Structures are given as structure tokens and as C-alpha cells.
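Per Swiss-Prot, the features are as follows:
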BINDING   G440, S441, G442, K443, S444, V445  ATP binding site
DOMAIN    420-633  domain 'FtsK'
TOPO_DOM  199-784  topological domain 'Cytoplasmic'
TRANSMEM  38-58  transmembrane segment
TRANSMEM  68-88  transmembrane segment
TRANSMEM  92-112  transmembrane segment
TRANSMEM  129-149  transmembrane segment
TRANSMEM  178-198  transmembrane segment
Amino acid sequence: MAKQVPERSKPNAGKPSIRKVWSVNGHRLKRHKLLRDLVLIMIAPVLVYLMASLFTYSKDDPGWSQSGSAIVHNIGGKAGAWIADVLFQLCGFVAFLLPVALGVVSWIALFGSDQEEQAEGHLEPALRLVGIVGFLIAATGLFHLHLFQSDVARAGGILGKQVCNSLQAGFGVFGTNLFVLMLLLISVTLATGLSWFALMERIGRAVLAVPPLLQKSKRRADEWQHARALREEREEVRKIDAVQRAKRDPMKIELPPEPIVEKSERAKRDTQIPMFLGVNKRGSDLPSLALLDNPKPQIKGYSDETLEALSRQIELKFKDFRIDVQVVGAYPGPVITRFEIEPARGVKVSQISALDKDIARGLSVKSVRVVEVIPGKSVIGLEIPNVNREMIFLSELLRSKEYDKSPSSLTLALGKNIAGRPTVADLARMPHLLVAGTTGSGKSVAVNAMVLSLLFKASHNDLRMLMIDPKMLELSVYQGIPHLLAPVVTDMKEAANGLRWCVAEMERRYKLMSVVGVRNLAGFNKKVKDAEEAGQPLMDPLFKPNPDLSEVPRPLQKLPFIVIFIDEFADMMMIVGKKVEELIARLAQKARAAGIHLILATQRPSVDVITGLIKANIPTRIAFQVSSKIDSRTILDQSGAETLLGHGDMLYLPPGTAMPERVHGAFVSDDEVHRVVEYLKASAPVQYVDGVLDEIQTMDDGVVIGPAGFPESASGGGDETDPLYDEALRIVTETRRASISSVQRRLRIGYNRAARLIEAMETAGVVSPPEHNGDRAVLAPPPR
């Protein structure tokens with residue numbers, strides 16, 4: 001039988017677990033608190049009874065010092081009278097301190113014992129009892145020495161008399177005072193644990209804190225006096241201002257006339273929306289204005305009384321900063337109200353501009369914009385937001401006479417100015433536009449309003465668009481309208497290809513205008529139209545027929561405007577980079593006369609996105625609300641956009657000026673955009689141009705547009721160093737056809753370049769020389 005091995009004893013065997021120790025300590029603490037509450041309940045009535053008996057003591061009551069059958073006047077009855085008599089006879093006036101001392105010591109003993117083992121200064125109950133006895137002896141002695149009377153009950157009692165007589169016999173009166181005072185201090189320390197040195201330190205700190213408190217009180221008193229003087233001065237200024245206001249001319253309040261927007265003839269004609277979009281004759285007309293929502297009645301801004309009171313408040317706020325101004329005019333608008341202020345002599349404009357945030361805080365408004373220079377006036381503008389902001393609908397602007405009478409096919413309806421008048425701009429005069437602002441400032445809505453402005457002004461025969469939408473949200477809704485050159489671009493590599501096609505188209509148009517002898521697209525279209533009406537159409541001077549085919553020159557056609565929309569320019573810059581910046585810069589520099597225009601939008605107005613090269617070639621800019629003055633200077637070269645209100649509030653910098661104009665942008669809903677898009681889809685089929693998004697962009701003469709937008713030399717292409725040589729070699733060896741027209745058609749290049757590629761293959765031994773019928777044999781084997 002195997003020997004049984006005893007189990008090893010655990011090292012902590014026999015020791016109580018932590019949970020058990022906590023449980024025992026918890027029960028013990030609970031019992032201690034219960035006992036403490038019971039003792040407090042018993043002691044409190046005793047102390048109250050003792051105090052009441054002492055305060056109602058009467059010498060006529062029977063007690064320890066006298067007997068009798070008189071009526072007891074003590075509230076504590078016979079026992080109370082007897083106890084009070086004993087205490088007064090023994091302790092004198094100290095009897096009143098006895099209940100207080102017992103109460104203090106009991107409180108310390110009961111509620112100061114939880115941390116008795118950890119905290120210093122807590123003594124044993126026996127020492128507390130010794131302290132109480134010593135306190136009674138010392139107190140009775142002091143009372144007997146300093147409050148001595150013939151009646152012992154009025155001094156320190158019998159106990160005090162005996163203590164003082166015993167000590168005076170040996171130490172005299174001075175020594176007795178010292179010993180009794182020493183006994184009093186020691187007894188208080190034993191009974192309560194009080195440290196006299198700590199008490200003196202607290203008293204010293206309190207004494208040292210008195211002078212700063214006095215100084216602070218004096219400073220507050222001085223400030224109160226100063227504020228009182230300022231209030232009196234302000235009241236005096238108000239009285240003087242009231243007298244001056246009564247004498248001067250009333251403030252000029254120029255209210256906009258009603259109605260602000262006069263309807264055009266087209267707006268009166270387009271009053272009903274077509275019931276069936278599909279029955280519209282294709283290519284017959286522009287979209288009907290009835291497709292857009294009608295404006296709703298809205299609450300106007302400030303009343304005349306409010307404007308008058310607000311102007312006085314503006315003057316008083318400037319007086320608070322020691323600047324004297326006078327409000328001379330108020331011009332309420334749909335979103336903001338401009339107050340024209342005339343500063344006193346010697347007041348700089350910079351002083352007023354530096355107070356824009358303080359004035360906004362004083363007037364309890366979101367922001368205040370200071371217009372430092374108003375052309376034609378010697379006043380300063382102060383633009384304050386209205387309490388009730390009006391919403392501006394796009395239909396109001398498109399129905400206005402300003403939009404309808406604009407002769408340009410590239411008219412943009414931007415919004416309303418501060419007076420409520422429609423603001424329209426000609427993209428052909430800009431000729432390019434940069435739009436920037438933070439998220440939620442109304443930038444995307446403004447771009448949609450610009451697109452609809454162009455669609456309501458020009459048909460697809462007069463206007464073509466290339467839309468680049470990196471976010472795939474804002475411009476993708478226009479997919480399928482006949483105005484598009486290509487589907488809405490969401491791939492940034494295809495965006496670069498589309499921009500290269502625009503550069504190639506720009507170069508082609510310049511060559512056509514040079515041959516025809518005109519300076520811009522309008523002159524070219526007019527000359528083509530006049531030639532057609534005269535029955536002698538102009539032939540394409542750049543047409544090069546294919547020798548293999550019998551082709552005749554094509555007559556020149558009217559060239560449409562091309563507008564390139566880029567919704568988020570910063571994303572495209574991050575993905576494609578420097579290549580796109582060079583293409584955009586090249587278009588911005590030369591594309592105006594060719595009828596090609598750019599509208600760039602970005603929500604990140606930083607210097608790495610809006611570079612100096614782009615700003616130099618796009619002088620027309622629109623800034624929506626931005627977060628800082630730095631962003632505003634990046635867009636407009638000046639501050640101001642950081643004080644805009646958002647939701648379409650913009651600063652429009654027209655071409656050729658340095659003073660931005662404040663415009664409130666129009667709102668266009670998604671439903672309105674969808675209705676217009678469906679109408680255009682039903683009116684004409686989509687007419688995409690082949691090759692717009694191809695990677696290789698080649699002009700009619702075989703010249704390739706390089707990555708930077710510059711045409712490569714024709715003489716440099718067509719040999720084995722040509723970037724298309726490998727692709728042409730693959731096509732020839734796969735199809736087993738060495739045809740110039742086949743290579744030209746497959747690669748979408750010019751005839752001359754395709755011929756040079758075939759000749760390079762002949763030199764390399766890939767194809768044979770041409771036979772008597774012009775055919776070539778493919779000598780190289782097909783690719784595996």
C-alpha cells in the first residue's frame with residue numbers, strides 16, 4: 001500500500017481572510033455608532049435640564065443650604081432646586097459653565113473617537129475627566145479672585161474660596177493667579193485636546209489677513225465711487241445728447257421700394273408649369289420659370305422706431321470707448337441693416353474697425369461688419385444683422401428684369417445686395433470665378449444657383465458644361481442633361497483628362513479664330529452665322545483629309561461656351577496635385593477669348609489650395625463665412641469674411657475692383673433642381689463629346705497636350721520614343737493590320753502622327769514597306 005503523503009499546509013492557513021476582517025470591522029463600527037447615538041440621546045436631556053435648573057435658581061427655594069416648606073420656583077422642581085443650590089454653593093458662577101463644558105467634552109468624546117487611533121490630540125476618557133475637574137478648580141479660583149463678593153454664590157463658591165486661600169498663603173496673589181491660569185490652560189488641553197500654539201497661529205493668520213481685507217474693501221469702495229462717477233457722467237452725457245438730438249435733423253431712414261424685384265416679361269409669361277414634361281418639343285425652349293418655387297411672405301426687419309433707438313444705442317456704445325460718432329442714415333435690407341456713421345474730427349477708421357466685436361457684444365448681435373470706405377460718401381458703414389432674416393428664393397432673381405435684360409448667355413444670379421436689389425454678374429467678363437467658404441456657409445447652394453442660372457439663360461446649343469464633383473453629391477444630380485460634355489466626373493484622374501481636353505479645345509479654337517481673323521468667340525460665331533446667311537459657309541481650315549478615304553472639308557459650326565464646374569477643388573488638388581494646378585492656371589490665363597470659363601469651389605481656403613498662381617489668374621472671387629481673418633485674406637486679400645452670418649451671406653469681389661460687395665445668396669431646394677433636370681432630360685437627348693475623358697488628348701494636327709497643358713512638338717512624336725508607340729505596336733500585332741487609319745482611329749490621334757508611328761515600325765522591321773496597292777504586311781509575331 002502506497003504511503004499517503006500529507007498535503008502541504010497553505011502559508012496563509014489560520015489567518016482570517018480580508019473579506020472576513022472587513023465584515024468584523026464593519027459590524028464593530030456599526031455597534032459603535034449605535035452606542036454613540038444612544039449615549040447622545042441620554043446626555044442631551046440631562047444637560048438641558050441642568051441648564052434650565054441653573055437659570056431658574058432662587059434663593060428662596062428649599063435646597064442644600066436651607067430647608068423649608070416654601071413653594072419651589074425652580075423649573076426643575078425640588079431636584080432641580082437642590083442641584084442648582086449645591087452647584088452655586090460649591091462653584092459659584094462657574095456653575096453656568098459646567099453644562100457647557102460637559103456638552104463640549106461629550107461631543108468631542110463621542111464624535112471625535114472614530115479616528116482616535118489615527119489622529120493626534122485625542123486623549124483617554126480618564127484624562128478628559130481629569131481635565132474637567134481641573135477646569136472647575138481653576139475657573140472657581142479665577143472667579144473668586146476677580147469677582148469676589150460677600151455671597152459665595154456670587155463668586156467662585158466654596159471650592160474657589162478654599163483653593164485661593166490655600167494658594168495665597170504660600171504664593172501670594174500674583175503667584176496664585178499664575179498657578180490658577182496655568183491649571184486652566186492645562187485642563188482645557190486635557191479635556192478637549194486643544195493646542196494653544198495652533199490656536200495662536202490661527203489667530204496670527206487672522207490678524208495678518210486683516211490688512212489685505214481692509215485694502216480690498218477700500219479698493220472696492222474706490223471702484224464703486226468711480227463707477228458712480230461714470231454713471232453720473234453718462235447721465236450728464238445723455239442729457240446733453242438729448243438736447244443735441246432735439247436740435248439736429250432726424251436720421252435718414254431709406255426703406256426699399258415695394259416691390260423690390262420687378263417681374264420680367266418672361267416671368268409674366270411663364271406662369272404655369274408644363275403638365276407633361278415628355279410632350280415638350282426637343283430642343284425647343286428654355287426651362288419654364290414655373291419649375292421653381294414661388295417666394296413666401298416673410299416678416300420684415302426693423303421698424304422705424306427700432307432703427308431710431310438702435311442708432312442712439314450705437315452712439316452711446318461708441319461714447320463708452322471715448323469715440324464720438326453720429327448716425328446719419330439707416331438702410332434696412334433683407335438680411336442686414338447698414339447704419340452710416342459720421343465720426344468726429346480726428347477719429348481714425350482703424351479705431352472703429354478695432355471695436356467691431358465690442359460693439360456686437362454691446363448691441364447683443366452675432367457680429368458687426370465695419371465698412372471702412374463707402375464710394376461717394378464720407379461716412380463709415382456699420383452692418384448689423386436683422387432680427388428676422390428673410391429667405392431669398394432663386395425664382396425671385398430669375399424673374400427679375402435685371403436677369404432677363406442681361407444680354408449674356410453666361411449671366412449668374414448671385415443673390416440680393418444689402419438694399420434688396422437683385423445682383424447678377426456676367427461670367428464672360430469675370431472671366432473665371434473662385435468660391436470659398438467653410439462647411440455650412442451656403443457655398444454648395446450658391447454653386448447650384450449658378451448652374452441653374454446658366455441653364456435658364458442658355459440652351460445646350462449655346463452652352464456646354466464639364467462638371468467635376470469629388471464629393472459625388474452636389475453636381476451628380478445634373479447627370480444626363482444635354483448641356484454636359486461628358487458624364488459628371490467623380491474620378492480625379494479623369495478630371496485631369498477632362499481639363500487636358502479643355503486645353504486642347506482652347507488651342508483648337510485659338511487656331512480657328514486666328515485663321516478666321518477674329519479676336520473672341522462672339523466675333524467667331526457672328527462671322528460663321530453671317531457666312532451661313534449669305535449662303536457661303538466657312539470651311540474648317542484645320543481639316544486634314546485622310547489620303548486613304550475620300551473626305552471633303554466640313555463647314556464651320558457655331559461654337560458654344562464651355563463652363564467648367566469644380567465643386568471641391570481642395571480634394572482634387574490633394575489627389576492629383578501639381579498637374580491639375582498647372583492645367584487650371586493655363587486655362588485661367590488664356591481661355592477667356594476662347595469662351596471657356598472656370599468656376600472653382602472649395603471649403604478649405606488655405607494657401608496650399610488657393611495658391612498664388614491661381615489667385616493671380618482668377619481675380620473674381622466670392623467668400624462665404626470663414627473661421628478667421630487669415631482665411632478671409634487668403635480669399636479676398638482683406639479681412640471681412642469672418643464676420644459674415646453664414647447661410648448664403650457672401651462677399652463678392654467683382655473684376656477690376658478691390659472693394660467687395662456684400663450679397664445675400666439665393667436658396668434653391670433639391671426639389672427645384674430635380675424638376676429642372678427632369679425637364680432638360682425630356683427636352684433633348686444627352687450629347688456627350690467623344691474623347692473628353694481620354695488619357696491621351698490629341699489635336700487635329702497630331703499635337704499631343706502634355707500633362708502640364710502645353711502642346712508637345714509634332715516633330716518629336718511618331719518614333720519609338722513616342723509615348724503611344726508601344727500601344728500602336730500592340731494594336732498592329734494583334735489585329736495583323738498595318739493600317740494608318742486603323743491606328744488613327746484606335747488611338748484617337750491625327751493622321752500625321754499615325755503615319756509616323758507606322759513608318760517607325762517599318763524602320764524597326766515590325767511591318768513591311770508598302771506594296772503596289774499600299775498595303776503592308778505585319779512581320780512581327782502576335783503577342784503572347
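Numbering starts at 1 and runs along the chain as displayed.
Yeah, the Cβs are placed from backbone N, Cα and C, and that goes for glycine too.
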Other CB atoms, at most 10 A from the CB of G442 (ATP binding site): 24
Cβ-Cβ under 8 Å with the transmembrane segment (129-149): same-chain residues at least 6 beyond its ends: 91-94, 97-98, 101-102, 105, 123, 155-157, 159-161, 163-164, 167, 173, 176-177, 180-181, 183-184, 186-192
Which of S441, S444, the listed binding-site residues, has fewest other Cβ atoms within 10 Å: S444
Close in space, distant in sequence - G440 (ATP binding site), Cβ under 8 Å, 6 or more apart: G646, H647
Environment of G440, S441, G442, K443, S444, V445, the listed ATP site - residues of the same chain whose CB lies within 8 A of the CB centroid: G437, T439, A446, F624, G646, H647, G648
Reduced DSSP assignment, K443 (ATP binding site): helix
Neighbouring C-beta atoms (10 Å sphere around the C-beta of K443 (ATP binding site)): 25
Surrounding residues of the transmembrane segment (68-88) on its own chain - C-beta under 8 Å, 6+ positions past either end: 49-50, 52-54, 56-58, 60-62, 95, 98, 153, 157
PLDDT averaged over every residue in the topological domain 'Cytoplasmic' (199-784): 84
Which same-chain residues, if any, lie at least 6 apart from V445 (ATP binding site) yet have Cβ under 8 Å of it: G648, G665, F667, V668
